[in-house]
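Novice: Quick paste from TrEMBL:
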- 1-434: domain 'PDEase' (DOMAIN)
- HIS66, ASN67, ASN68, LEU69, HIS70, ASP107, ASP214, GLN265: AMP binding site (BINDING)
- HIS66: active site, proton donor (ACT_SITE)
- HIS70, HIS106, ASP107, ASP214: Zn(2+) 1 binding site (BINDING)
- 305-413: region 'Disordered' (REGION)
- 453-476: region 'Disordered' (REGION)
Amino acid sequence: MQTLDDWSFDVFALAEAGNCQPVKYLGYDLLNRYGMIHKFKVPPATLETFLTRIEEGYCRFRNPYHNNLHAADVAQTVHHVLCQTGLMHWLTDLEIFATLLAALIHDYEHTGTTNNFHVMSGSDTAMLYNDRAVLENHHISAAFRVLKEDDCNVLQNLSRDEFRELRTLIIDMVLATDMSFHFQQLKNMRNLLTLAEPQVDKSKALSLVLHCCDISHPAKRWDIHHKWTMLLLEEFFRQGDLERELGLPFSPLCDRNNTLVAESQIGFIEFIVEPSMTVCADMLEIVLAPIAPITCNASSSAGGASSAAGGSAAANNTSSSSSNNSSNSNNNNNNNNNNNNINSNTNINNNSSIKSTTNTLSVPNNNTNNNEAISSGTEGAGAKGGSEAAAGQATAKNGSAEPNEKPNRFKIRKPWTTCLAENKKIWKEQAVRDAEARAAAAAAEAAAAAAAAAAEANEQAPADEEAKAEAEPDAN
């Protein structure tokens, strides 16, 4: 778990080291780091049971992509945004709790098929939810049914008002992961951010964050992105096989014999992922600008938000009460006394028990330097050094200054920009090679067809001559 704060965290390595239970171990670790177990009096055994049930639900349909690894990957990406941009300081404890839970359950019991497939095939789930956000509604409903069970109810000690607020947030966030809402969601946020003094609703902000994290794999390191791409395409192709069997038209990218992989990924990056990450970053910079001194100071050491178990988030949160601040300041010590804790130094045991130890989970280091603290035009970025932060604000690590950029405008680090550019370049190179291969194959096929036609003509010529010769005497 040492690289948990990194942008290109390798969830595949975590799954391999953690007995293929990434949701259980990562979920427990994150909820502990942010102090949720202590703050909301979550019984550790109940949390372990809940996470195990959620993990099992993700594995129910044996999907190549929408499985427990994807859930853990999205939860870790949300964690990166929360702690490495300073977003956690803009949120209350309850909002952080809701955000982490939403990330963990956002694709619970995914069937490995799309909403459109459910609608076109007339599935029971589509009938239940009247063809609207079919899967997203199921993820939420099924997860909350799990939460109603006594041995899984991690929300048992919330007040009625807290439960209502958390449930509403989770519903809003997970429903916003429906891709049919994508363009309208971005349009609404863009329009809001153009106002002189935009007031961003927290629910909408968190919904955009979760949506961006859900589609973020093209913005990760190439080896991770490529692996996710192949898994997602295999899931699409399996749906295409079902569509063929049912006599349904192929959904986009679902025909395993006629899908241009490189071109599809270039389009996904350029028209979906890049615009989403840009709008999300703009939104974060606007909502976090008023608390920039807090977020900069809190991020002065790499991974500081995580290592403090989230206590600094609520301590610096201007919307939190003084009683919450007092509780949170002692949170780390309280959590460390929990016999079932997972802290930032984690050992994953094969007996499935969750214990606090001094051993660390070995996860390969990422090439992308990702302990990205938040920074402004006039303040340093902690471990990165003040001079680098001051010089790098306009470039945001993408090598070029934004047009009409105000020199002191509050900025966040954007590790995804480099990954997006590199991945798109690789896909474009692959697209050229694929096009050349298709052209060569087409030319070879045409040549073979021409040769076959010529051979057939040559074979037919003597027969024609013989038939002609036989016909001439009859004519005489």
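From the backbone N, Cα and C atoms, a Cβ is placed for every residue, glycine too.
So where do these features actually land, and what's packed around them?
Specialist: Taking a C-beta cut-off of under 8 Å and a sequence gap of six or more, ASN67 (AMP binding site) has these contacts in its own chain: TYR58, CYS59, HIS110.
Within 10 Å of the Cβ of HIS66 (AMP binding site) there are 23 other Cβ atoms, across all protein chains. Secondary structure at HIS66 (AMP binding site), as computed by DSSP, is coil.
Non-local neighbourhood of ASP214 (AMP binding site): VAL74, HIS106, THR177, each in the same chain, at least six residues away, with C-beta under 8 Å from its C-beta.
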Novice: On the 0 to 100 scale, where does the mean pLDDT of the domain 'PDEase' (1-434) fall?
Specialist: 83
Novice: Residues with Cβ closer than 8 Å to the Cβ of LEU69 (AMP binding site), same chain and 6+ apart in sequence?
Specialist: VAL11, PHE12, ALA15, PRO22
Novice: Going along the chain, which residues six or more apart from ASN68 (AMP binding site) have their CB under 8 A from its CB?
Specialist: ALA15, CYS20, GLN21, PRO22, VAL23, GLU55, TYR58, CYS59
Novice: In the same chain, which residues outside the set HIS70, HIS106, ASP107, ASP214 have their CB within 8 A of the centroid of the CB atoms that define the Zn(2+) 1 site?
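Specialist: Here the nearby residues are HIS66, ALA71, VAL74, ALA103, HIS110, THR177.
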Novice: On a count of neighbouring CB atoms within 10 A, which of the binding-site residues HIS70, HIS106 is highest?
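Specialist: Answer by Cβ density within 10 Å: HIS106.
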Novice: Tell me, how many other CB atoms lie within 10 A of the CB of GLN265 (AMP binding site), whichever protein chain they belong to?
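Specialist: Result for GLN265 (AMP binding site): 25 other Cβ atoms within 10 Å.
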